[in-house]
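Listed in TrEMBL for this protein:
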TRANSMEM  6-21  transmembrane segment
TRANSMEM  28-46  transmembrane segment
TRANSMEM  58-78  transmembrane segment
TRANSMEM  87-108  transmembrane segment
TRANSMEM  144-167  transmembrane segment
TRANSMEM  210-230  transmembrane segment
TRANSMEM  237-256  transmembrane segment
TRANSMEM  262-282  transmembrane segment
TRANSMEM  289-312  transmembrane segment
TRANSMEM  324-344  transmembrane segment
TRANSMEM  365-389  transmembrane segment
Amino acid sequence: MNIVLAFTWIAFALFVGELISSMTKAKIPSMFVSAIVFIVGFWTFVPDSLLEDAGISGNLAAIIVYIMIVNVGTLISIEELKRQWKIVLIVLFAMLGAGLLIMGLGSLLIGKQLAAVGTPPLMGSLVSTLLMRDAAMEAGLKEAAVVAVAVWVLQSFVGYPLTAVFLKKEGKTILEQYRNGSLGKAQEEVHEDESSALLRQLPDYWNTTYFALLRLGLLAYLAVVVSAWFAMIGINLHAAVASLILGLVGRLTGLLEKNTLVKANANGFMTFGLMAYIFDGLKITTPSILLDAMLPALVVLFFGVLGLYLFSLVAGKVLKVSPYLSFSTALTALYGFPGDMIITQEVAKSLTDNELEQKELVDHMLPSMLIGGFVSVTIVSVIVASYFIPLVVG
């Protein structure tokens, strides 16, 4: 495909999702719509080389991913980490529930092997999906490999709409409290107190796009190096995890300000590249893949989401967290970043046109959503995959 046409097609697919989301006030999330557009394109006239044709190489995509994850780290302050311990427990308990229901009830319908191969992809990222798919292929289990891919492809189609529904219910409650004055303002004060004193001491001419990208790039590179160091001593620390941790450290020490990419005027283009990279993964699906794996994948999705729902409600009730927020954060296991961030922002915009109210909604919900996605997708899913591989090949 022509390089300009490939770039334009990606922009078109993302724009259609954004447009429909705005028109429906986030009842239909943008990523859900864009995913459909990408799949239809790959099934018809769009080549599998779309990303490369658009000039977005695998190496460039990897750079964008690490820099974006470092930037995500700047969105969560150390105070937020302390405050979000309940969300961590809720998400962990919800993922436990999903695993128990899939392996307990789901395996009765589709067998232990297919249930095991589908559980890690449901709980996490492309990394866990690739681990399960490769393990199944090496064992000669082609059907199981297809199920792993199908679950990963289909999970976002369930996760995005459900999250939009429940997060809007949470947002309406927050908005009502904000308008009647019963919602505290302490969180806003914390954000102001945590601005970077170190960067304020530098001359204004240091405050440039290139300096911001330099700082992000250095921390992203350091994350890759640290990950390699840990691997040398037998400890598996994924570079994505290291990137997020270093983003937090950068914010805490003042090396990075909150949302550094926005300050660098680079957030939009970076997000474009990251979204293109994520949706490029849909090229591995075909109509036959989805048809052959539909029943096992749907069984995994049904019992997995049911487990997330029931166990998150129980944990939320015990920890006195809203059932809407509890389930929404548990659902981040189905898509992670940047879906958690995008859906939260879309929901805020759909509930009010007032920018101050939108900010209050995002400030309240986004930290919990980011923590949920970080715990489930970035950390737990890979651990779960490594545990479930023997269940598939054995």
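The backbone N, Cα and C atoms fix where each Cβ goes, and this holds for glycine too.
Remember, it's a predicted structure, so these values are computed and weren't measured experimentally.
If you look at the transmembrane segment (324-344), the same-chain residues 6 or more away from its ends with a CB under 8 A from one of its CBs are 26, 29-31, 68-69, 72, 75, 87, 90-91, 94-95, 98, 122-125, 155-156, 158-160, 162-164, 166-167, 169-170, 173, 271, 274-275, 278, 305, 308-309, 311-313, 315-316, 362, 365-366, 368-374, 376-378, 380-381. Simply put, out of 6-21, 87-108, 144-167, 237-256, 87-108 has the most Cβ pairs sitting under 8 Å from the transmembrane segment (289-312). Per-stretch counts of Cβ pairs under 8 Å to the transmembrane segment (237-256) identify 210-230 as the leading one among 6-21, 144-167, 210-230, 262-282. Tertiary proximity for the transmembrane segment (262-282) is limited to same-chain residues at least six positions away from its ends with a CB under 8 Å from its CB atoms, namely 10-11, 13-14, 31, 34-35, 38-39, 42, 50-51, 54, 56, 60-61, 64-65, 67-68, 71, 126, 152-153, 207, 209, 212-213, 216, 338.
The largest share of C-beta pairs under 8 angstroms with the transmembrane segment (87-108) comes from 365-389, of the ranges 58-78, 144-167, 210-230, 365-389. Long-range Cβ contacts of the transmembrane segment (6-21) within its own chain (Cβ-Cβ under 8 Å, at least 6 residues beyond either end) map to 28-35, 37-38, 41, 46, 50, 53-55, 272, 275-276, 279, 346.
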